[in-house]
C-alpha cells in the first residue's frame with residue numbers, strides 16, 4: 001500500500017511569521033490571517049478527497065490541518081516527527097537580531113550551512129525524521145495523504161524524499177504560509193517520489209521572510 005499522492009502543507013500565518021521571528025520548535029497559534037488562510041487553502045484542497053490527514057503536534061500546524069478535517073470529515077493524526085526544525089538560540093529572534101548576537105553563525109545560516117554552537121537541529125536530522133514520518137503514513141493509505149507541517153521541515157523532508165542531501169542540495173526554498181507541495185510516487189526509481197507541484201497556494205503572503213528562505 002502506498003499513497004497515490006502526498007500533499008505537504010505549510011501552516012498558516014502566525015504573529016511570529018508576520019514580524020519575521022524564528023519560531024522553530026516553539027509553539028504558537030495562528031493569527032486571524034492564518035486562520036483565514038487555513039480555511040481558504042482547505043477549501044482548495046478538499047476536492048483532492050484526502051483519506052488521511054497527519055499533522056505536527058504544534059498548534060499552528062494542528063489548526064491548519066483541522067480546517068481541512070472539518071470540511072472532509074477525516075480526523076487529524078499527530079506525529080512528533082513532523083515538528084519544525086529546532087533553531088536553538090535563534091528562536092524568538094529576527095534575522096537582524098541573530099546577525100548582531102551571533103555573527104559567525106548568522107553567516108553560516110545565510111549560506112544554508114549549520115550554525116554551530118547555538119543548539120540548532122542539523123538539517124540532515126530534520127530531513128531524516130520528517131521524511132520517515134511521511135513515508136510511514138504514506139504506507140497506510142492508497143489515497144491522498146495530507147501532511148500539515150512547517151517551512152523548514154517540509155523543505156528538508158522533500159529534499160530527502162527526492163534522494164538528495166539536506167544542507168547540500170539547494171534546489172528548493174521554504175514555501176509561503178499555507179502553501180503546499182504535491183508529491184507523486186515514482187513506479188521506476190530512485191527516487192521513490194517526484195514533485196508534481198511546489199509552493200502552490202490560493203493567495204499572496206505578507207510574511208516577513210528569514211534570510212535562508
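The backbone N, Cα and C atoms fix where each Cβ goes, and this holds for glycine too.
What TrEMBL says about a protein is an automatic prediction, not a curated fact.
Of the residues proposed, 60, 62, 81, the one TrEMBL records at the same substrate site as 10, 11, 12, 13, 14, 15, 16, 17 is 60. In this entry, 10, 11, 12, 13, 14, 15, 16, 17, 60 make up the residues listed for substrate, with the farthest two CA atoms of the set 15 Å from each other. Cα spacing between residue 11 (active site, tele-phosphohistidine intermediate) and residue 60 (substrate binding site): 6 Å, rounded to the nearest whole number. Residue 84 (active site, proton donor/acceptor) is surrounded by 27 other CB atoms, counting those within 10 A of its CB over all protein chains shown.
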